[in-house]
Each structure stands twice: as C-alpha cells, then as structure tokens.
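One structure is given below, encoded as structure tokens.
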Ligand SMILES: Cc1cc2nc3c(=O)[nH]c(=O)nc-3n(C[C@H](O)[C@H](O)[C@H](O)COP(=O)(O)OP(=O)(O)OC[C@H]3O[C@@H](n4cnc5c(N)ncnc54)[C@H](O)[C@@H]3O)c2cc1C
C-alpha cells in the first residue's frame, strides 16, 4: 500500500471527506472516467474499486491474464439462477480489480457497425448515433498500425493491434473456407464501411511490448497516477455499499455521497461516508451498478421492500433487461500441435512459446486462441446454411451472428485432452431474451441472483440454428481442402429438433452482460429505463451511470470498446456541466 509501494493507491481511512466527483467502480469504464475527470488539477476526484490492483508480470502477459488461463484472482464468478430452457445454472464472469473486466477479458477490440448506434439514435436516444459516438471511439485509441482518417487514431492512450500472422493452421483454413463460401475477407473489421457479412482479423488491446493494455494500464499508469496524486485518489479493496441520497423539500432526490466498507468485501472493519460536491458516477458494471442502486433504495419497489430496503424511488428497470450474447459451441479433433491444448500437454512446447514471448514478444503467450471473426445475417443463408446473397441490398443491415473459430475448446464443460481441439463458437449478436439481476440480501457482500433467461424468447432459436449449419458448412469446406478435422461435439443431425437439442446442451455465456440500467425513458415500452440521454438516473440529481449497463440494448459487438466510448462521452458531459457552473 502507498507510500510503501510506488503506485499511489489509498485505503478508505486515508481518504478526504469530500471530492468534486466520486466514481464507483474502477473497471473498464471507471478508469477512463478517472483519467478524464482529473485532468484539471483543481478538480478533486475519487475512484473506488472493490477489487485489488493486483498487478504482476503474469497479470500483464496476455494469455496468463485471460480469465480462462489465469489464477482467477481478478475474477468474480457468479452462478446464474438455474436456466429453465437449459436445465442448469451457468457460471458468469466479470472482472474484480483495478481495470475491471478489461484485466481478464480476451482483449478483442471491436466497435460494431454504425447501424448499431444509429438504431439507438432512431429509438430516440439523442446524442448516441454513430456520428455522435465516433469521436469518443477515436479519442482514446492508439492504433499500433497507424492512423487512418475517421477510422483509427494513433495518438490516444489505449493501444490495439492485430497479429501479423495466424498462429494456428486452423485459422488459415477457416478464413479460406469462409471465402470459399462467398464471405469476403475484410481488411479492417473496425472500418465503419465494411459490409455486414464477411470474415477478417480481429484487433486486440495489446501494447507495443506485447503486454495486456487494460484500461487501468492505459488510462491510469503509474506515472499519471503519481503526477495526479493530489487531486486523483485511487482507493482499492473498498466496497461501496450504497449511494447516500437526500430527499429535498418538494420531494426531489439528490445524491450527496457514498457509504464505503473498508478492507474488501470479506471482512469489513469500518464504514465510511464520503461526500461529493458535484456528482457521483456509477461504473460498477452490469451487475454492480444495478446492485448499488437497489441497495440505495432505487429499483423495483416490491423487490426492495422484500429485503427491507426503504424505497426512495420506484424504478422497475433497475436490474431488469439483462442481455448477453448467448453462444453455442461445436468442437472438433485436430492434430495436437495445431491446438493451444498442446501448451498443457507438452512441456517443451510451453518452454518454446515462453522463450519466444520473452525474447521477441511473440507466440502463443499473446493469447491468440481466437484471431478471426466470421459474420453474416442469417437471412442471407439458404436452408443448408450456405451464404446465398452477399449483394449490396443488405449493405445497411447488421449481422445477427458471429462465428469465432478457436484453436481450443469453446465448450463450457470438461474437455478431452488426448487430441488437439478446435471449435466454432456461434454467437447470437441480437438476442431477444432478457433476464434480470436481483438482490439475495441487503448485505452488499451477498451473491446476486442473476437470471439471464437465455432462450426465453423463442425468436432466438432460428438464428442459432442457421449459425450452427454455417459452422458445419465451414467444417465441410475445411475438410474438402484437406484439413484433418474429426467431429467431437456436433448436433446429431441438422433437423430442427436435433439442432434445438444441441443448442440447449452445448452452450455458454460470452460474458457480454449489458442493459441492466438501460438508457431509455422511465416508461419506455421496451422495458423501461434507468438513465436519460445524459446518463443521469431518472429524477435523482447528481447521479449518473456509465458502463455497459446503460446500453439501450446490447450492441452486436464485443463490449469493451463501446464501454470506453460511453465513459469518454460521460466525462465530456460531466465536465461541460461543471464548466457551465463557472461561466
Ligand atoms: C472472460 C471475459 C472475456 C471477455 N472478452 C472480451 C473481449 O475480448 N472483447 C470485448 O470487447 N469484451 C470482452 N468481454 C466483455 C467486456 O470486457 C466487458 O463487457 C466490459 O469490460 C465491462 O466493462 P464495465 O465498465 O461495464 O464493467 P467492469 O469492467 O466489469 O467494471 C466494473 C468494476 O466495478 C467494480 N465494482 C462493482 N461493484 C462495486 C462496488 N459496490 N464498489 C466498488 N467497486 C465495485 C468491479 O470490481 C469492477 O472492477 C469479456 C468479458 C469477460 C468476463
């Protein structure tokens, strides 16, 4: 702990009584906000994170820090409620450390097509079209491939890059198979003008020294944190129990401060109250933000009353509308040397890759378990899953499925280790099913009741069936070109009933939890809303939310880049409002 370590992180007992801005949750979005709001030394900012900073060599190596291969010390695992359609509970994962989920994710950097955000704007979310958001995507980007006008910035803080080559032969084969099937190769998957069908290489938030570039590393590096130590206080291992909200004469509500529990969430020693002169912003993620609102008395009134929490504002959309990109996994046996599994089964392979990483910053420790994406709209597929139409008529459309080839198993269960594994993860990009996040107790340390209600909307089945068929056509094409690929985990047949049975058993989360504090009018007919277009909680002064929980609905892309864009825009709005006070 500072001053004994060099990073200026504080404990709750070292904090001031009052700050201009308090940020709850030092995750993907929270670190961006802390950087932007503290740029002016006259503005005092507090960032509160329940997890540790937990930085180490291994925590920066892309492979070892990714959740599936890490020691789990920066991950919070949440067991979902038993899923009716699946007959089981699923484990859900989020980050719990400074940098949040950007410390444990797969580092894919994708923004999605403009139409994702234009649809938000068309639904009435003023200021949230692609044209509005593009500057916020670009502001923080540092593309290691260089700048491209209106597409990539090379001057920001947050680095991304593509890999120069495919690390596994299966990827080369998969991209050729996609092209054989008339899904064109796209040079830049982050270009706003590419068609909604095709295949291409992914970008990763990995820095020029081959290290994970989480938002903690990018936006709150030690040099910046030390330089701003007087006006930016970063407090880790501290759980925010609730927002302290005052009821004014005339019945208005205003957030005045936060109540903290020091020393982590296992053994709290003390409660602290810290005041906010200006605003509080919740960036505690898709589970933490609705949880904190509910513990503060803002949420579905019946649910709060069940737990004896005094209701300050009945806001039914808090913790409702949970969405995730549900996915189905097919699996194949390939030669062991073509699979990441050989790192576990062959010590020499491991030593070779370690050596490559240490000397040249290359090789499998970059975590290239997936390197490309294949996507389309399932309307463009025929009965057998083959793409039939790739014409311009669909240029304004959005893809509804993404297939991610993986040089490993993407199955959410025990996997054989006798042969190499390769898989296709078929991802539903625009799910209709919606779930919820609820409290199990008024204790902020108690586990949440998370019920994603996967497949509860029957409309989710058709695109998943089509996407499974496309995966099998890709497999056929790879085999036709001579790649050895034996079936391990595939549907019994391609009849609807066999595909549906497979979808219900071979599935998983893609960790993309969103929309639990969605941006929409309070009485929106599509599920209600929690925040307005400026991210203010409805009818509560001085309180905003900025993280993946505010998406009006889940965008059809990976969520970390949109989370950063939301934080950039929120910081801008907060500073504009602060500056207008002094005009
Ligand atoms: C294993 C995994 C792989 C993924 N891979 C990718 C990928 O490759 N590309 C991609 O784009 N997306 C990926 N995602 C999703 C993406 O990373 C997340 O959607 C996004 O980072 C979430 O950002 P956030 O700011 O909403 O929340 P988070 O980053 O989760 O931040 C929330 C923070 O708030 C803290 N917090 C919560 N409650 C409290 C409280 N009461 N008091 C104090 N602090 C609190 C948490 O500890 C956490 O640090 C992945 C996710 C996971 C789990």
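Just so you know, the numbers here start at 1 and follow the chain as drawn.
Here the Cβ of each residue, glycine as well, is placed from N, Cα and C on the backbone.
Any TrEMBL annotation is an automated prediction that lacks curation.
Annotated features in TrEMBL:
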ACT_SITE  512  active site, proton donor
ACT_SITE  558  active site, proton acceptor
BINDING   101, 240  FAD binding site
DOMAIN    95-118  domain 'Glucose-methanol-choline oxidoreductase N-terminal'
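Location within the structure of each feature annotated in TrEMBL.
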residue	record	Cβ neighbours (10 Å)
101	FAD binding site	30
240	FAD binding site	27
512	active site, proton donor	25
558	active site, proton acceptor	25
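In terms of C-alpha distance, the listed recorded positions 101, 240, 558 place 558 closest to residue 512 (active site, proton donor). Sorting the domain 'Glucose-methanol-choline oxidoreductase N-terminal' (95-118) by DSSP state (H, G, I as helix; E, B as strand; all else coil) yields 9 helix, 3 strand, 12 coil. When secondary structure is read from DSSP and collapsed to three states, residue 240 (FAD binding site) falls in the strand class. Distance noted between the C-alpha atoms of the residue listed as 'active site, proton acceptor' and residue 240 (FAD binding site) is 27 Å.
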